[in-house]
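Visitor: Shown below is the structure under consideration.
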4 protein chains.
Amino acid sequence: MLKIPSHIAVLTSGGDAPGMNAAIRAVVRSAVYYGKKITGIYNGYEGLINGNFQELNSRSVKYILNQGGTFLKSARSDRFRTPEGRKQAYDNLAKTGIDALIVIGGDGSFTGAKIFSEEYDFQVIGVPGTIDNDLYGTDFTIGYDTATNTAIECIDKIRDTASSHDRLFLVEVMGRDSGFIALRSAIAAGALDVIMPENDTTYDHLVETINRAGKNKKFSNIIVVAEGNKLGNIFEISNFLKGKFPHLDIKVTILGHLQRGGSPTVYDRVLASKLGVAAVEGLLIGRNKVMAGVMHQQIIYTPFEEAITRKAYINPELIRINKILTI
Amino acid sequence: MLKIPSHIAVLTSGGDAPGMNAAIRAVVRSAVYYGKKITGIYNGYEGLINGNFQELNSRSVKYILNQGGTFLKSARSDRFRTPEGRKQAYDNLAKTGIDALIVIGGDGSFTGAKIFSEEYDFQVIGVPGTIDNDLYGTDFTIGYDTATNTAIECIDKIRDTASSHDRLFLVEVMGRDSGFIALRSAIAAGALDVIMPENDTTYDHLVETINRAGKNKKFSNIIVVAEGNKLGNIFEISNFLKGKFPHLDIKVTILGHLQRGGSPTVYDRVLASKLGVAAVEGLLIGRNKVMAGVMHQQIIYTPFEEAITRKAYINPELIRINKILTI
Amino acid sequence: MLKIPSHIAVLTSGGDAPGMNAAIRAVVRSAVYYGKKITGIYNGYEGLINGNFQELNSRSVKYILNQGGTFLKSARSDRFRTPEGRKQAYDNLAKTGIDALIVIGGDGSFTGAKIFSEEYDFQVIGVPGTIDNDLYGTDFTIGYDTATNTAIECIDKIRDTASSHDRLFLVEVMGRDSGFIALRSAIAAGALDVIMPENDTTYDHLVETINRAGKNKKFSNIIVVAEGNKLGNIFEISNFLKGKFPHLDIKVTILGHLQRGGSPTVYDRVLASKLGVAAVEGLLIGRNKVMAGVMHQQIIYTPFEEAITRKAYINPELIRINKILTI
Amino acid sequence: MLKIPSHIAVLTSGGDAPGMNAAIRAVVRSAVYYGKKITGIYNGYEGLINGNFQELNSRSVKYILNQGGTFLKSARSDRFRTPEGRKQAYDNLAKTGIDALIVIGGDGSFTGAKIFSEEYDFQVIGVPGTIDNDLYGTDFTIGYDTATNTAIECIDKIRDTASSHDRLFLVEVMGRDSGFIALRSAIAAGALDVIMPENDTTYDHLVETINRAGKNKKFSNIIVVAEGNKLGNIFEISNFLKGKFPHLDIKVTILGHLQRGGSPTVYDRVLASKLGVAAVEGLLIGRNKVMAGVMHQQIIYTPFEEAITRKAYINPELIRINKILTI
């Protein structure tokens, strides 16, 4: 017979993402709705080990739906990678009577969750909260839509000054291992090109692209560069281009951590709300070691194993479209 | 053998929506990419009848991707509802050598497009540009995501003052025949309730909801009201509630036309870019009397007939979730 | 010898304004800086009467600098208009050992403060927190800059749709007794005209202005209307114009309470920070029954009497400039 | 007898600033209002030398009031530093019948304007358009308010993620020679400290400040750093602090050029409107070699000599306040 949890804990882990607060709110209120006790863990897995627990209720999560960041705070935990750390975490949960855990985070967080769940036969469900959008099992991760909109608001401003001075701007967006933010930002910004982990942009190709833009009388241009591309550091790219195009006025902007903050968009608030509910309901129907996601507007539960190891793929259609639109 | 168009025209019709400019840009650049002539028609069907045409090129649509509104302007046309008007429109197109038309608009615009296409055997493709999201054949229409984000930015501000004064605000959002904006805004705003064409909110239910909120110590509240709900005009609703809850401080705000403007979100820019390309490519592969849409991240061509008559459905899951989250 | 206060209370009163939280923060931290006890009163004068007090410290006001509204909440109080109410308020203050009060609000709030201060010889300083900007003794009131920026963001969006459809929009902004928001918004929006309490716009003048705009080929236009103008309700004005210009597409938008919310602008945050410090320092140097303001970048203390009765004047230069710029 | 100009030219020069378009619009419409011919010069002084002129009218400047950047574009010109370049510029103006020039820009631009005006006895008025706010003769320069609001929107987002992770962020804002943006942003952001050209922050002081913050339980902090401070490059500062506080999570963000773009705030739109009118009216009443500014809400004309050489001063009151508020 299915053992139904009576006391659920929730934590946020890894890099924070806009919408995490909305997800926590949805978890808490769903738990209350279904008559379960609900406890918030501060500082991610560190708080699990340190016993940094606080019982929550429906009112604890008021006015946080539209706030960036995570009020439960987040942290990386080396100790949770050790058996001793996980033992301590388990003891704290057991002592408090908590029998299920919801982890809001990215692939690293789910890897830890999976090991812990297996080790202690503890019921765990994940909610994809990361601006990187690099998880299999959900069309969008929580925070991705906000991060790209933030990037675009910045690039729109850069466009103003690029246009006033007929400049070429290289703009670095987040994405060490994936180009989701880069590609979508590039299309939405009308960027001349995008350099990202998933493509093999060469210097020859870049030179050709910039030459073609000149011929087409596009005098102010944006090139979006993902942190983790294969071509090189954005300053190296800039220096190369300055050498090749000495008459061009080339500038670099690195958007950095501001992409992680800000009030979440409608998309992220609704997604976080759906997934927070789905996580609690998944626990109630016995799901374990899975991530709740939305694919094709349906709630989907994907095993941690699959969510982590199958790479989310970049829609090649977007790459094709970007080429057409920068003509 | 398939007759492939050599000269494409594009117009925007009906109420304007953020992202229409991005769609025009995508149509123009795709046409250029495929070596076609491309002409912009001003003022929708009125401009078709008046011969208000302008040939466009790749540079004509620079710097419009992030602009609200439509630089081709839009208008409603009574004359296009008459055979004489459509005859005049056809003559203008024929005279200019235009052999295909892309209409960016909503259901009214597509009804006109369908009749015209049948009458003159003229190749027409539609692109869903309307903030109402009420078309079958696409998950989102162009402008819907921006309009809901605009609504939410306004409601977030109203929330500040509601909270400072422990007030109940009724906020009217657009949507004469559908509650898409209302429902999504309500979830994203953490609204107490939503009153929309698709539900049968009664006054009894409202009273009960507000009583429950008071018991749960929710002292400042938002209720989102769609223009076209069954309960009544927002001022009638407000007056009823003032009668029932004389101690409550109840205010009304009607967001109105500002929901139609503003720089489009990333979602709308990317969607408009995809659909503009898809419209041109649809013409090249012989599609006719269809609307280009995106369902499940795939381009779909839906016959005008179906797009207009099959109603886009409100996801009942969202209604269920909203109930849980306002506990 | 000067009696220096040892325990200061702070409250917000009247309609809320963005930046009130920033002002509270500045009051609290200045009090701590100068070694004084500091207590927050909830719900304005109502809380004073009800004894709704909470001692605050430096950490109580973290993360509120950029939040709209007022975490101390605000309310209007009929009881504070009675001697009994004020007696109760005084008793609560005396009982708690509070010997000075800072009131953040508008003219109504300062009237109450003045009476109370005289009646009980209680030291009170005011901080001008109102979006209306209608107080003498400060160039800008806290909230005014944010409210006009909010209005302008909305009108910019309305401009998009006005332009797409060649429409005339009448946009109502807040201001029952003064046209500060209206005039500044009109200039910043490039509005065709502004109707406000301080001018005597006639229907003849309006008709002439619209005719002139037509001759100058200005086909989409905005007219900004203050709530409290002499010409009439915005719907009456709209109906009159529809009668006069049947071919024009005329729409009305009432911005309403959203002008009161939102994260404060830099101007309001800095102003609120300055004035919060100035209020505490004013108490320490014996000021009483005065409002702290900034004129010509200097801190000025103006007697309540003067701040309330001398009207802030609309800069006639702005009216002249608006006429030139809408040519 | 006063020679009144009949044909005015306008150009934007130096780094662009939000509100330059609003200033151009005001210049053009004022010139039309006073019955003068008005010509726009593209690309600053380069366009003056190259004869890149375009006659403008009232309609040429529609819909630009709310746009960032400058549609006349801007550029730095080495040739205008040579007598030959200025001779060419003068010949172009004379040939076109232009007898007065308005230069929108910063100190470098006014230096060129002064030399040119003296050399050719040509009437020139300057309008302060620079985000740096470092000109004497005006309380604010056009673009400064927008740039600080942009900085603050970014820092507010960074605050979200700083708070989620208890991090210390060093945020670099623009300002090579002055700390106006840095200081005002720091107050508005509630930053722990500000490092700028005008102060002598030492490493010892920084260490002490961070230690004090820790004692006060301020775990997430922002330090604003102006580009041109005396302490060192932001990465050097970061590295030093990482060495001193190995347990702290310290990050760097450089806001960069996005501070130059974006739709201008109400303050900048109104200021630009006032100054554009004042520049034209100054020409009509014989002013020459002066910059139009607003001090104490009055239009002031300051000789170029003075505007350039007298430094705008940082209000020491703001530095004092910042110290109090970060307690």
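Cβ coordinates come from backbone N, Cα and C, glycine included.
As listed in TrEMBL for this protein:
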DOMAIN    B:8-282  domain 'Phosphofructokinase'
BINDING   B:GLY15, B:ARG76, B:SER77, B:GLY106, B:ASP107, B:GLY108, B:SER109  ATP binding site
BINDING   B:ARG25, B:ALA26, B:VAL27, B:VAL28, B:ARG29, B:ARG159, B:LYS218, B:PHE219, B:SER220  ADP binding site
BINDING   B:ASP107  Mg(2+) binding site
BINDING   B:THR130, B:ILE131, B:ASP132, B:ARG167, B:MET174, B:GLY175, B:ARG176, B:GLU227, B:LYS251, B:HIS257, B:LEU258, B:GLN259, B:ARG260  substrate binding site
ACT_SITE  B:ASP132  active site, proton acceptor
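If you look at the structure here, what lies around each of the features I listed?
Guide: Proximity of B:GLY106 (ATP binding site) to non-local residues of its own chain (separation of 6 or more, Cβ distance below 8 Å) is seen for B:SER13, B:GLY14, B:GLY15, B:PRO128, B:GLY129, B:THR130, B:ASP132, B:ASP134, B:LEU135, B:THR141, given in sequence order.
B:VAL27 (ADP binding site) carries a helical DSSP state (H, G or I). Taking Cβ-Cβ distances under 8 Å and a sequence gap of 6 or more within the same chain, the neighbours of B:VAL27 (ADP binding site) are B:ILE8, B:VAL10, B:ILE38, B:ILE102, B:ILE104, B:VAL127, B:GLY276, B:ALA279, B:VAL280.
Classification of B:ASP107 (ATP binding site) by DSSP places it within a helix.
The Cβ of B:MET174 (substrate binding site) has 25 neighbouring Cβ atoms from other residues within 10 Å, across all protein chains displayed.
Every protein chain considered, the tally of other Cβ atoms within 10 Å of the Cβ of B:ASP132 (substrate binding site) stands at 24. Reduced to three states, the DSSP call for B:ASP132 (substrate binding site) is coil.
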Visitor: Under 8 Å between C-beta atoms and at least six apart in sequence, can you list the same-chain neighbours of B:LEU258 (substrate binding site), or say none if there are none?
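Guide: Listed in sequence order: B:THR150, B:CYS154.
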Visitor: Given the binding-site residues B:ARG25, B:ARG76, B:ARG176, B:LYS251, B:ARG260, which one has the fewest other C-beta atoms within 10 angstroms of its C-beta?
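Guide: B:ARG176, out of the binding-site residues B:ARG25, B:ARG76, B:ARG176, B:LYS251, B:ARG260, has the fewest neighbouring Cβ atoms within 10 Å.
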Visitor: Roughly how many Å separate the Cα of B:LYS251 (substrate binding site) from that of B:SER77 (ATP binding site), to the nearest whole number?
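Guide: Computed Cα spacing between B:LYS251 (substrate binding site) and B:SER77 (ATP binding site) is 37 Å.
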Visitor: Which of B:ARG29, B:LYS218 (the binding-site residues) has the most other Cβ atoms within 10 Å?
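Guide: Max Cβ neighbours within 10 Å, all protein chains included: B:ARG29.
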Visitor: For the recorded ATP site, whose residues are B:GLY15, B:ARG76, B:SER77, B:GLY106, B:ASP107, B:GLY108, B:SER109, find every other residue on that chain with a C-beta no more than 8 angstroms from the centre of their C-beta atoms, and list them by sequence position.
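Guide: Output for this site, in sequence order: B:SER13, B:GLY14, B:GLY44, B:GLY105, B:GLY112.
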Visitor: Among the binding-site residues (B:ARG29, B:ASP107, B:LYS218, B:LYS251, B:LEU258, B:ARG260), which are close to chain C, meaning C-beta separation under 8 angstroms?
Guide: B:LYS251, B:LEU258, B:ARG260
Visitor: Who sits close to B:GLY108 (ATP binding site): which same-chain residues at least 6 apart have their Cβ under 8 Å from its Cβ?
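Guide: Counting only residues 6 or more apart in sequence, the Cβ neighbours of B:GLY108 (ATP binding site) under 8 Å are B:SER13, B:GLY14, B:ARG76.
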Visitor: Count the other Cβ atoms sitting within 10 Å of the Cβ of B:ASP107 (ATP binding site), across every protein chain shown.
Guide: 22
Visitor: Can you filter B:ARG25, B:ARG29, B:SER77, B:ASP132, B:ARG176, B:SER220 (the binding-site residues) down to those whose Cβ is less than 8 Å from some Cβ in chain A?
Guide: B:ARG25, B:ARG29
Visitor: Give the helix, strand or coil assignment DSSP yields for B:LYS251 (substrate binding site).
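Guide: Once the DSSP labels are grouped into three classes, B:LYS251 (substrate binding site) ends up as strand.
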Visitor: Between any two of B:GLY15, B:ARG76, B:SER77, B:GLY106, B:ASP107, B:GLY108, B:SER109, the residues recorded as binding ATP, what is the biggest Cα to Cα distance in Å?
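Guide: Taking every pair among B:GLY15, B:ARG76, B:SER77, B:GLY106, B:ASP107, B:GLY108, B:SER109, the longest Cα gap is 14 Å.
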